[in-house]
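Straight from Swiss-Prot, the features:
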{"type": "TOPO_DOM", "residues": "1-45", "note": "topological domain 'Cytoplasmic'"}
{"type": "MOTIF", "residues": "5-10", "note": "motif 'ITIM motif'"}
{"type": "MOTIF", "residues": "31-34", "note": "motif 'LCK-binding motif'"}
{"type": "TRANSMEM", "residues": "46-66", "note": "transmembrane segment"}
{"type": "TOPO_DOM", "residues": "67-223", "note": "topological domain 'Extracellular'"}
{"type": "DOMAIN", "residues": "101-211", "note": "domain 'C-type lectin'"}
{"type": "DISULFID", "residues": "CYS122-CYS210", "note": "disulfide bond"}
{"type": "DISULFID", "residues": "CYS189-CYS202", "note": "disulfide bond"}
Amino acid sequence: MDTAVVYADLHLARTGEPKREPPPSLSPDTCQCPRWHRLALKLGCACLILLVLSVIGLGVLVLTLLQKPLIQNSPADVQENRTKTTDSPAKLKCPKDWHSHQDKCFHVSQTSITWKGSLADCGGKGATLLLVQDQEELRFLRNLTKRISSSFWIGLSYTLSDEKWKWINGSTLNSDALNITGDTEKDSCASVSQDKVLSESCDSDNIWICQKELKRESTCNDS
């Protein structure tokens, strides 16, 4: 009987003690949140850097494409272009002993003959007797012959049938542009001195000037 009482008291005493609750444990989510935040921040920064680099690369690519020609030259075209750049351009050239001025070549004779003789001589050279184009050309030719005392024949003569001065190409003289001094007879031809255009006999002897167009010659090197 006593033993049972003692056991009951002990049991009550133990069961009457307050229970100590274990400290609350942190959930796994609570511990991992800061790490996820850091990871997300790193990933965001990495993505931003990649985006910036992609934009820069795309800009460089677009700029490169804009600078390229739409049609690329073939190797044959490139070689042809190189050949053209190494060749000398075509230039205008007068024959030896001829003088160039604007688009003409002029040859001054060293002897004196009649007007018809000078006409024939120029024809033999593949040229024509001088046809004065304008006053500027006339000044050039006078300067070219200023050391020669004789006047020079030009391709202008008086035709009795028309009673007009005509050039050898058939055109009529414009008297406002060129004034002829001297008597006009049935056999009159025009010559030029340093200060006048003279009417004189076609059988007189004068030097003469032939003219021809400048000849275009290519100076490309053959290889």
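Each Cβ is built from the backbone N, Cα and C atoms, and glycine gets one as well.
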Which chain-mates of CYS202 (disulfide bond) that are at least 6 residues away have a CB under 8 A from its CB, listed by sequence? THR114, TRP115, LYS116, SER157, ASP187, SER188, CYS189
Model confidence over the topological domain 'Cytoplasmic' (1-45), averaged pLDDT: 58
